[in-house]
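Undergrad: This structure is in structure tokens; I'll ask about it shortly.
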Amino acid sequence: MSQFMIRYQIINLSKVFNSPKSLNFIKRYTTSTASTTTTTTNDDSNWISTPNITVCGIGGGGCNSVNNMINKELYGIDFVVANTDAQALAISCSRKMVQLGKTLTRGLGAGAVPEVGKKATEESIEELMNQIGDTQMLFVTAGMGGGTGTGGAAVIASAAKAKGILTVGIVTKPFHFEGKHRMKLAEQGLIELEKSVDSLIVIPNEKLMEQSQELYIGNAFQMVDDVLYNSIRGISDILVKPGLINLDFADVRSIMCNSGKALMGVGEGEGKGRDAIAANIALNNPLLENINISGAKGVLLNIAGSDLKLQEVDHIVSLVSSKVDPSANIIFGSTFDQQLEGKIRVTLIVTGMDQLIQQQQQQQKQTKIESQVEQKLHSTTIVDQELKPIEPQKSIIIEEEQEEQQQPKPIIPGIFVEQELLTTTTTANITPSQQKQESLTQNNIFSPPQQQQQQPSINLQPNYQQLYQQLYQQQQQQLQQQQPISFLKRLSNLFFTNGNNNKPYNNNKNTPGSNYE
């Protein structure tokens, strides 16, 4: 009876202490074998065979996410925070904290310079690794784009991986409104972090806005912290939390060790068909960045609920298996969560996506370029269609000019009209026999067309062509200068001027300076 009461007290106390080490400490001093266990080694594996999992938050974003996890009582996790800003560490909820770069930054922060954050982390890396301790799995969380998190996350990850710790990076990319410079720093930091971790999960903050576009700025950052919380919880629960189906740490290590970039999706469903709803939401989650996961090589699946049925678990696993490579390594676990109250939550971690992500990004760039080219072509066709109605006006003007050319030119005193010149030249050259033959052919309407003589073509003389061309050029120049001059005045200036002194002709014999003198 006494042993039963002791175990009942242990179960109640386990709800207060969230880490396995604290639970083992209680068991060591409350069981009947306490006298013997106090003299044994400090190896806790004899009591609870659960892996030690640690979350390290670095920088302002990482410290905020750790505070959110502690406030939500994430089960079975140790927390460590590190920052160059002493004021941010003072309000942290974590018991383990490290001030980075005490001599370099003096607790004043990195000033959004990743190089300063990197050097500050290298200065305090030994103290930080002592706080992390002998853990089997380390989550490095940070908000990329600043100074401390962007520069120091890769330093912590490389030091942990060198000790044989399974290192997973879960970081965020900034919103668009935070600026292009911050986004550029984040992308550079992601390149360095990817080289230092076993698996990297990147959460783009901009994708979260697609779920709800009417968010206040404070709620938006809270939603980012909740996504980080759910991603770590989806992995840690199947290792340390009791449930229907628990996984070994070796299974998780086989999926996430040296797996490169990974993607995450979370979905919840309730009511009829809740299993299919939760699975489809997780598979079509915006955090998957619209990337086809059919070529994924590893899948980690966590199914949580308060009243799960075996048939629902089987249906969810079959739906996820149909979307990935048939040869993919799929491991799944099922845990109890009384807070869901009739809901099912599916957490999906897809690994081995490096090549698929690169191919998808190249295709997206290519489609973006093609769409830009199509838009330019569409805009040019619209401009052409707007300019096409001008062409009939041009043709009308040309037809009017041709009609004016066909009409007889006005007779101006002092010069010969081209028609008179042409008629005199043609009649002078035709003999009387040719005139008689021409009249016969014109009167004979039944004569074949081959025997009919063609009318002589009327061609302007070169002198008149030059004059008309000069008139046209002067007219265009004067229209541009907006100085209208009458047509007759221009003709008089051209035809009635003296070639020597450019004076007008004087036809009056009695006046001095006339051309008849």
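Just so you know, the numbers here start at 1 and follow the chain as drawn.
Yeah, the Cβs are placed from backbone N, Cα and C, and that goes for glycine too.
Model, not experiment: these values are computed from the prediction.
Summarising the annotation, Swiss-Prot assigns GTP binding site to G60, G61, G62, C63, N64, G147, T148, G149, E178, R182, D225 and lists similarity to another entry as the type of evidence. What Swiss-Prot records for 497-517 is compositional bias 'Low complexity'. The region 'Disordered' annotation in Swiss-Prot covers 496-517.
Quick one: how deep are these features, and who are their neighbours?
TA: Secondary structure from DSSP puts E178 (GTP binding site) in a helix. Every protein chain considered, the tally of other Cβ atoms within 10 Å of the Cβ of E178 (GTP binding site) stands at 16.
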Undergrad: Select one residue from N64, T148: among these binding-site residues, choose the one with the most other Cβ atoms within 10 Å of its Cβ.
TA: T148
Undergrad: Taking the Cβ of G60 (GTP binding site) as the centre, count every other Cβ atom within 10 Å, in any protein chain shown.
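TA: The answer is 20 other Cβ atoms.
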Undergrad: If H, G and I count as helix, E and B as strand, and all else as coil, what does DSSP give for D225 (GTP binding site)?
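TA: Assignment for D225 (GTP binding site) reads helix.
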Undergrad: Given a separation of at least six residues and a C-beta threshold under 8 Å, show me what packs close to D225 (GTP binding site) in the same chain.
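TA: In sequence order, N64, S65, N68 meet the Cβ cut-off.
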Undergrad: For a quick check of understanding: given the listed GTP-binding residues G60, G61, G62, C63, N64, G147, T148, G149, E178, R182, D225, what is the maximum Cα-Cα distance in angstrom, as an integer?
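TA: Largest pairwise Cα separation, rounded: 19 Å.
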